[in-house]
Amino acid sequence: MRTATYFFIFLNLSLALFEEPAVYPLPFLATSVLEVLCLLVFLGRLTHFAKVTLHNVFWKDTKNICIMVAILLSLTDLAIYGILRLYNVRSIRWSRIVRPIFLINFAESRQIRRAFRSIRNTLPEITYVFLLFMFSLLMFSLMALKLFGERNLQTAEGLPYFRNYLEIVFDLYVLVTTANSPDVMMPAFDFSSWYALFFVAFVIINTYIFMSLFLAVVYNNYKKHLKVMPGGAGD
């Protein structure tokens, strides 16, 4: 039963690769039949839980409620989408975002649920580090706008260089990953080699210091919550 449940959960999640929009789309009838099959298996598994669980315990378990709501939303969305297709009305399968609920809330997924709960408990504790990082990013972006925005510099493609604040924030955010290094600083470096110090300082502070600090906070808090995570049959 556990293997079958995992198989149909994987199949249900994989349908997103073949439903429109997709690189290799399958006919709507094929994906809808597979989805209905998966939902029937989930409903049967839930019925099995109800048969072997006390009535008041079953209905107090939020995991079972989440699965039932996800099944209902998926069937409703599938029916609406199918009807709209008959009238050639273009729509979007919005219920696909609820499919991970099946992966998290079935009893067989206890370890996944524990990991998800640890991540959820860790997020509030890393918020302050994240806000401090965003403050640094915004301040460096403002400095870049003041340093380079009034010098009429251009990129290699002939586009304006560092004249829009939001674009500067995005470019420097990418620079944290060093994905656009050193291209992002070359127009400023060609104008004056001293401007390279700005980007060096940015990388040192945000990439090496803040990212290391961010990783340490995430790791330590996640490990702490993972150790104190309670177990039990109702987990």
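Here the Cβ of each residue, glycine as well, is placed from N, Cα and C on the backbone.
The model shown is predicted, which means the values in this text are computed figures rather than measured ones.
The following features are taken from TrEMBL:
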- 6-224: domain 'Ion transport' (DOMAIN)
- 1-16: signal peptide (SIGNAL)
- 26-44: transmembrane segment (TRANSMEM)
- 65-84: transmembrane segment (TRANSMEM)
- 126-145: transmembrane segment (TRANSMEM)
- 165-182: transmembrane segment (TRANSMEM)
- 194-219: transmembrane segment (TRANSMEM)
Beyond the flanks of the signal peptide (1-16) by 6 or more, those residues with Cβ under 8 Å of it: 22, 31, 34-35, 37-39, 41-42, 45, 48, 96, 99-100, 102-103, 106, 108
For the transmembrane segment (194-219), sequence-distant contacts whose Cβ falls under 8 Å of one of its Cβ atoms, 6 or more beyond its ends: 122, 125-126, 129-130, 132-133, 136-137, 140, 143-144, 147-148, 172, 175-178, 181-182, 184-185, 188
Positions whose Cβ lies under 8 angstroms from the transmembrane segment (165-182), at least six residues beyond its ends: 137-138, 140-142, 144-145, 189, 199, 202-203, 206-207, 210-211
Cβ-Cβ under 8 Å with the transmembrane segment (126-145): same-chain residues at least 6 beyond its ends: 162-163, 165, 168-169, 172-173, 176, 198, 202, 205-206, 210, 213-214, 217-218, 221
Whole-number mean of pLDDT values that fall within the domain 'Ion transport' (6-224): 89
